[in-house]
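K.L.:
The following block contains the structure, expressed as structure tokens.
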Amino acid sequence: MPAKRITDIDPLDRPREKIEKKGASALKDSELIAAILGKGTKNNDILTISSQVADLLKKDNLPSYDTLLRINGIGPTKAAVLMACFELANRYGTPAEKERIRITEPDHILKISEVTDLSGKSQEHFLVTTLNGASEVICTRTITMGLLNHSLVHPREVFADAITDRAAAIICIHNHPSGNPEPSSEDITVTRQLSEAGKILGISLLDHLIYTKGKVTSLRSLGYL
């Protein structure tokens, strides 16, 4: 069977296009690697190659140049590109020992740059923050953009990364460009739908926050969770 090409993937699901639309934080590890490498080989598609590299990162933290070369589809050029990325991350990345952000109150979400970056956005953005068992932030990702409704915000999309992160809980955040902090009927419907899905999956929806004018409104505090 011929290798699957990036052009065979739905444009909305292509890694580089997803970065343009949603930002790099919305991508899984394998998708980020695919965006870096660009394309696969005749015998091994880029998604397979990037998944194998992502698996190595989980097992070996930072694989060596020689280890990368053992992956079918990675030659000296791709290995060098990845090693350069690893080194940049090592030089400029957040120190591993830095304390993670812990969310125990709604306002604590304002410590996350992806949330405060919602200021001035003309469209609604729906974000999900995954948390470990100690309520520490694992990752914050943009799930969708546009008018919030239950058809756009599907539990499958919301919880997919939480499952990958092995998260214990999530917090959903979306902005109201109008500046009105009050939840709409659609906000409440989406919140309850996601809460029920979380109960089935064993991943709690701790809160759904509305971001406006540098502040957040908690749907849990309002009694909708």
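Every residue, even glycine, has its Cβ placed from backbone N, Cα and C.
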K.L.:
Pick the one from Asp165, Asp187 that Swiss-Prot also lists for the Zn(2+) site with His174, His176.
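P.N.:
The candidate from Asp165, Asp187 that Swiss-Prot ties to Zn(2+) along with His174, His176 is Asp187.
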K.L.:
Would you count the other C-beta atoms found within 10 angstroms of the C-beta of His174 (Zn(2+) binding site) for me?
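P.N.:
Step by step: centre on the Cβ of His174 (Zn(2+) binding site), count other Cβ atoms within 10 Å, giving 23.
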K.L.:
Within 10 angstroms of the C-beta of Asp187 (Zn(2+) binding site), what count of other C-beta atoms is obtained when all protein chains are considered?
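P.N.:
Around Asp187 (Zn(2+) binding site), other Cβ atoms within 10 Å: 21.
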